[in-house]
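Input: a single structure, listed below in structure tokens.
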Amino acid sequence: MTQGKIVEAAEAHKTLEDFDPPKKRKRNKYAFACAVLASMTSILLGYDIGVMSGAALYIKRDLKVSDVQIEILLGIINLYSLIGSCLAGRTSDWIGRRYTIVFAGAIFFVGALLMGFSPNYSFLMFGRFVAGIGIGYALMIAPVYTAEVSPASSRGFLTSFPEVFINGGILLGYISNYGFSKLTLKVGWRMMLGVGAIPSVVLTVGVLAMPESPRWLVMRGRLGEARKVLNKTSDSREEAQLRLAEIKQAAGIPESCNDDVVQVTKRSTGEGVWKELFLYPTPPIRHIVIAALGIHFFQQASGVDAVVLYSPRIFEKAGIKDDTHKLLATVAVGFVKTVFILAATFTLDRVGRRPLLLSSVGGMVLSLLTLAISLTIIGHSERKLMWAVALSIAMVLAYVATFSIGAGPITWVYSSEIFPLRLRAQGAAAGVVVNRTTSGVVSMTFLSLSEAITIGGAFFLYCGIATLGWIFFYTLLPETRGKTLEDMEGSFGTFRSKSNATKGVENGNGQVAQVQLGTNVQT
């Protein structure tokens, strides 16, 4: 049979399905389940943030404490969490990512019970100290584990899950505020805080069904187990083999080595990592560190925790006086945050990190500016202006919506994926330290700042910081969508001069150099 006849026969046997467009690749369900279970740790932080916003109203009345004490009570947990974050990198390299998640849940469980049974302010502060350490562990380990287990095609989608669960936890905390607000003063706020122990129990049981991170297994020389995990979490066998080869290279294992268990001499246990990150970084590592710490700083310095933690106070300043109405408006904040973060998870890998982040922060700037103006008008008016009240509420909702569509999830996705394997745990921990420190400063100064420069002035300040953040992101953050974790380092370090941009183009990295430098190089 001639070649032409073969082609004709093949054409004759085509069915309608052969003319359909190529089917979209399905998401890996096993990787999806792993990401969900790991990200549930973030519910712990979200619930604490949400529940304290309403519980603070009743704690102040019951324990008869001042606004400064309430500020410290709400914000100090962010500083306490630094202890957990600093320990989490080394702990996760020592006992593995999975058992570090279990450890985080156990610590928070104890902290939630202590807060629920607090007889006085001092005991309540101790409970927040314990819970804060658990939150610090959870914040660091969830994005790292999820990034390491996810295939490149859906890493942004899956690594945004921690932020999804933070928002879900915030919403649960707001609902808990409303539900338990009908109880007596002494019982209500203690129930709000105590039931936070329930998610940590569910988390600990669920995590036992997860596999260990394939990258941690390779660092320990357990190639056979890592191969099995990668086969389950990759989109194809070929991708699994490629991922394993790249991880072996990063861990210093010869590519030709296919034993199930090998001796690893280049083991990452924290030695020398901090020096490489901060004392003697290469240009790409310096760029990565600046990008990771910067994105964490600007995420929190733009005032999101002030809005989430003190939304009942903001609504009170806007003119809503009834407790029930304030709590209901706060539930609306939690609902909007959750809906928009869910929308963001489905667009991260389609649109890319950079466009979403820049659009998000731009929306935050506009909503903060409008909120500041409306609250200033209300503060200078002798009568209640309903249009200004409605505008203030709308701008609070707009702010949390624009934050959740980009700046919220992308911060955790971006900072967990850009560090090389040897630096990832400690690099992510450093990002969490900046995140929680900034959040703590914002949380512990908002009421005092509002008294000093008015609540409108406080939001003008946050608006200015968000504007600086937009400039920082536009200048220094390259796109990372679709790149493997091991290739990520090559996208950084070319922002210093125009000659480097040209070099990036010649090496096939023109888009990265153009993003970093803002040049007009055509790719």
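We number each residue from 1, going along the chain as drawn.
Cβ coordinates are placed from backbone N, Cα and C, and glycine is handled just like the others.
Fair warning: this is a prediction, and the values are worked out from it, not measured in the lab.
Annotated by TrEMBL as transmembrane segment, the relevant range among 157-175, 271-289 is 157-175. Same-chain residues lying 6+ beyond the ends of the transmembrane segment (30-50) with a Cβ under 8 Å from its Cβ atoms: 77, 81, 97, 101, 104-105, 108, 131, 134-135, 137-139, 141-142, 145-146, 149-151, 154, 158-159, 161-174, 176-177, 196, 199-200, 202-203, 206-207, 209-211, 232-233, 305, 308-309, 334. Of the candidate ranges 70-87, 99-117, 385-414, 99-117 has the most C-beta pairs within less than 8 angstroms of the transmembrane segment (187-210). Below 8 A, the CB atoms of the transmembrane segment (70-87) and the transmembrane segment (385-414) form no more than two pairs separated by six or more positions in the chain, fewer than 3 in all.
Here the transmembrane segment (327-346) lies next to the transmembrane segment (157-175) in space: the count of CB pairs under 8 Å, restricted to residues six or more apart, reaches at least 3. When Cβ distances are compared across the two stretches, the transmembrane segment (157-175) makes contact with the transmembrane segment (385-414), since 3 or more pairs at least 6 residues apart fall below 8 angstroms.
Residues of the same chain lying 6 or more positions beyond the ends of the transmembrane segment (385-414) and with a Cβ under 8 Å from any Cβ of it are 143, 147, 155-156, 159-160, 162-164, 166-167, 291-292, 295-296, 298-299, 302, 304, 307-308, 311, 314-315, 318-320, 329, 332-333, 336-341, 343-345, 348, 353, 356-364, 366-368, 370-371, 374-375, 377-378, 435, 477, 480.
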